[in-house]
């Protein structure tokens, strides 16, 4: 009986997560456009709904009903597989993400996470790694020069930044003595990791920007010179999958930054509910992402690689060595 | 692990540490020093090896277990390490000019050899399957790369590819055996493994595991049924690397086989039968196939298979004498094989490849001294007294017959008579043919030194084997 | 216990694939389908595509990058468990890993000096 | 003890070989080689002068540890049997040098080095008192001999050299196994004297006997494994043939005497009939083949097989006359056949043909040469008054005593030898001087005379007054026989 | 709890598939993937056994296997690149200049 309840709860949580994550891009695109507009001294979408609020919905319907176009030369199977491969990993990662300790709903204690893995951090990196397959398959299967080049670049970029990202969190693991995200947050009850791990945070955040392929590291999509990168040939709903995936990654990176370096749901000074604290912090970083997009220029590709390998990686290694000697 | 234990362990593995540190320094240094500084790397690498040898000598006095039973510095490993040092240093000497001629000279070449050396040293000292595996892989990874070092030469690429694929398969088989051992005995230490099986009749699962492990190791020494890579790799690899591989990694493979087989695990089983079959088939194949080779490197490849077969006979004998005989065999084989390869390497000059046996026609007429050396090496390889090659075989036979394997001994000598045929065929070519063309061997002082050293070893050990015999026996008996 | 931790992963994966499939299905009911050769050509800014998209140059830098990733990513695998227990194993444990890191840095420095990190399009 | 005479004898040629490597001039090489061999012969004569004929004990013994871990020693020593062979080896050594004075005109230095190394090893074989040392010398001989045949031989030299090498190698490797088995059965020693006293089980003896038999039979050679010999002889240069016939073939028989009989007495007695049969076969078969030859060298080579059959027949007759005859016959064969090869070589240098029909009437153009040829031919067919007569007579009487059929076969062999040798002599030397028409033939010169004359002296000396030679071996043979018969009769 | 035999069976199946792939497939890249299968079957064994014995050694061994295999594959791919530059083929059969 307990088992069934537990299973039901899990299924419910999973369904809830999927729903949230699928719907979240709607407000996010709207926000992005609005913020972009205001930064650039214009209004952004205004026509559909109040201040363009329904614009994302319209976009969604458009994408849903648009012709699904597959080039003749394409490898059809991989072409169809790639968007799903790109879509799934960020969603799956959220299974391991805690949003808080517990809340009481109708008298029952419900945990604010789906699963508390003892190796959650490894799991996150492992699953995020799969994202690369979606990118590379997508570009390869389209069999278009732009797509292939774009996918190779994206792939190179993602794997380049994965390394400093992975190295950057080792300091956090040392502090928490655990790879469980829950434990990591609990370990920050008094002091947030950002205090001890400023370098780690810097590296992680910058790498996260690159991982999410956001400006200033959005070389892969570089509309200016590569068409649209690896998803040049995608249209309609399949293209939408890539978009959703991208927003999910943005969200994910923000969430991870908050959990790993900014104390998760631990608040300071103002006694807000933990979940609210958490969401506020996440919202801040999501805003940061959007803000960066419209304030920074794009790097050149060689600069991009140089930053990853020659700056972030040594920094993160130094971070490990220094943190290690301090905390061992 | 306490600080003292760590320090003791580091001390015990000092030679390895020296080699690896030296290799790392050279790796970085190599990028900072300009091109055309080949001699710097040769001498620096030699210095590293000499330092390691010094360290080994200083530590040779006692048995030092290290790293919580994963590693041991004992007489056995010291003996093998010296074989490795000799092989590596001589390879350095031979490589200098050859690398220049082939256009493959770079610091990486020497660094990889040093890393391979460290891998072999770890193999010789490993007492845990994990450290064994790490050493093994360190060694083979370097040899994979070195095999393919002639980047513009498709033959070299192909050899490397074959080597890497077959090598990986053999590693996988070896690991599968290890995983079974771990599953059945709950330990990966050689001692613990042995303790888990002594007394009882052998579990079939364990036998399977042993067979898997043996199969993996057999690959490294190039014995049947995992010999097929040997000729291709030997032919395709740069000749210096071929020389190195035929000596160093082979000896390392045997070091491991002996370590595993010295344990009661195999002593308690009928595994010797499997090994005996391997030995016979290996030797037969190597000897007979070598008969029809025209390419010198291929011939030497099959010859090395045959020699591996003969050495495995010593493993079959299994006793202390058998172990010592294999060790002595490897030492002697290193000498004579590096000598003969030294000649082949030296012949590579200008447009002359020196790989075809017929190329050597009439060599004795223009270069009587070198031909005499070649004669010495070849007769030593054939096992004719008073060369060291004879004593090596003799001692293996003594060990075999001591254990009562007279029939195996008879088979071994008959096959070695077959093998003798192709060695003296080369003698025939160099002494009894008219020269087809002028020879211009790339004789540098380093090559001369190598040839002199190996010749001295080949003749010296043959005439005065006592000291070396004692060394080998001491390495076994003394723990 | 251990099974339950990873069960949600399965649910999530199945769920998201299901949703994606459903969306695709719904979309296939709604969307038009009108392919013709010109539309199905790969996009090349309006030029007729020539040659194989992937058959061109084999970009070695990408490959080197992949190898670097493999090396570093796998080494990170050793760092994680070590980081978890660092406090228990103390300074000795740190020294041991420091040696490992040092070797890693040597490799990294070599790659850097060798120019593997220089990106030339 | 004083001077290590045997070591001096053994190592003089070896040291000489090293010295030769330093020379450049071919003539200097020749003269030095000659000097060394003569010096060696002088040492041997000195050794014989000091030899005590009244004891079977090993004399001039030297024992030094070599590989003590395995019980290997450097042990030299001689008794009557080996003394004779040491002397013969030294005697033939300088004759070989003379024989190759002009015959070898390319790579003279290498040739002389090989020759000297060869001699050192042969002496080592006869002097060795340690099985390991014996084996090392025994097998190491393959290297210089292979080169002598292969480099300086005739047209088919490569094939011949290979055949020689592989036959002997295969045989001696089995011998090696036997040696090691003996080592363990005999209490981990390679000391030949220690091993002779052993009481090994009969089955061990049988196995060892056959292992040894293969090695020795190849060297002798006995019939089924003789085929390398004609090739090797024909293709080898004159000096090579002389060494082969004079010394190398003796080693097989020496092996029987030194190892098979004393160490494996029961097996030796048990299988003596078989050995007699093989010997008889060799005598008759070799003779018949010689009869059919048109090639001078081949004829002599096959006659060797036949004559060596006499030797083994005598040895395995296992009685005093047979043994003494066999040993004496070994010495005789060395002298006579060596001389015959020398003569063939000399004439070949002049005519460059060995085909008997090409010759004829040699007597008229080269009377001195023909006289020597006559003497050695008669010696080879055992005419009374020549050396072989004594030996063959002893063998025959021993053979008849041991086995009637074997003796009869030996008589047939003797008759056959008369037939082919006289036929050869007639066709070569008598008749019209057709040969002079085609070749310009000069008679023997002083150098050649110096080489032949000593051999002729020995032919007549042994033929007319064999006692000194028999005295040398007498005590040792009696001791050997006693060993074999006391142990072997227990069977 | 999943019984041990299931893990071993999975390992065996993977091993067989991998071995078959190495032996039968002709594309070098596929061969390399099959090699990975072989090694992963080993890893499954190690981890499963380690779990049974409640011993870390199995996991440690598996981590080492993964790491070293990565290096091995890196080397293999490097060689493949060199080969492709020289011959531009990925078929094992095309790579047979030498007799063996």
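Each residue, glycine too, has its Cβ placed from N, Cα and C.
The following features are taken from TrEMBL:
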type     : residues  : note
DOMAIN   : B:126-416 : domain 'NADH:quinone oxidoreductase/Mrp antiporter transmembrane'
TRANSMEM : B:6-28    : transmembrane segment
TRANSMEM : B:40-60   : transmembrane segment
TRANSMEM : B:66-95   : transmembrane segment
TRANSMEM : B:163-185 : transmembrane segment
TRANSMEM : B:205-229 : transmembrane segment
TRANSMEM : B:241-261 : transmembrane segment
TRANSMEM : B:273-292 : transmembrane segment
TRANSMEM : B:299-320 : transmembrane segment
TRANSMEM : B:326-347 : transmembrane segment
TRANSMEM : B:368-392 : transmembrane segment
TRANSMEM : B:404-424 : transmembrane segment
TRANSMEM : B:445-464 : transmembrane segment
Among B:66-95, B:241-261, B:273-292, B:299-320, B:326-347, which stretch has the highest count of C-beta pairs below 8 Å with the transmembrane segment (B:404-424)? B:273-292
Using a Cβ-Cβ cut-off of under 8 Å, list the residues of the same chain that are 6+ residues beyond the ends of the transmembrane segment (B:40-60) and lie near it. 11-12, 14-16, 18-19, 22-23, 26, 29-30, 33, 73, 75, 78, 81-82, 85, 88-89, 92-93, 95-96, 107, 109-111, 113-114, 117, 121, 446
Are the transmembrane segment (B:326-347) and the transmembrane segment (B:66-95) close enough to be called in contact, which here means at least 3 C-beta pairs under 8 A that are separated by 6 or more residues? yes
With the cut-off at Cβ under 8 Å and a gap of six or more residues from its ends, the chain residues touching the transmembrane segment (B:205-229) are 136, 140, 162-163, 166-167, 170-171, 173-178, 180-181, 184-185, 197, 249-250, 252-254, 256-257, 260, 265-266, 269, 271, 274-275, 278-279, 281-282, 285-286, 304-305, 308-309, 311-312
Near the transmembrane segment (B:6-28) in space but 6 or more residues beyond its ends, with Cβ under 8 Å, are 41, 44-45, 47-49, 51-53, 55-56, 59, 64-67, 71-73, 81, 107-108, 110-111, 114-115, 117-118, 121-122, 125
Using Cβ atoms and a strict cutoff of less than 8 Å, what residues sit near the transmembrane segment (B:368-392) while being 6 or more residues removed from its termini? 303, 307, 325, 328-329, 332-333, 335-337, 339-340, 343, 346, 360, 416, 419-420, 423-424, 426-427, 430-431, 441, 451, 454-455, 457-463, 465
At a C-beta cut-off of under 8 Å, are there same-chain residues at least 6 beyond the transmembrane segment (B:66-95) that contact it? List them, or none. 1, 5, 8-13, 15, 42, 45-46, 49-50, 52-53, 56-57, 59-60, 109-110, 113-114, 116-117, 120-122, 124-128, 130-131, 189, 191, 240-241, 243-244, 247-248, 251-252, 255, 258-259, 327, 330-331, 334-335, 338, 341-342, 345-346, 446-447, 449-450, 453-454, 471-472, 474-476, 478-479
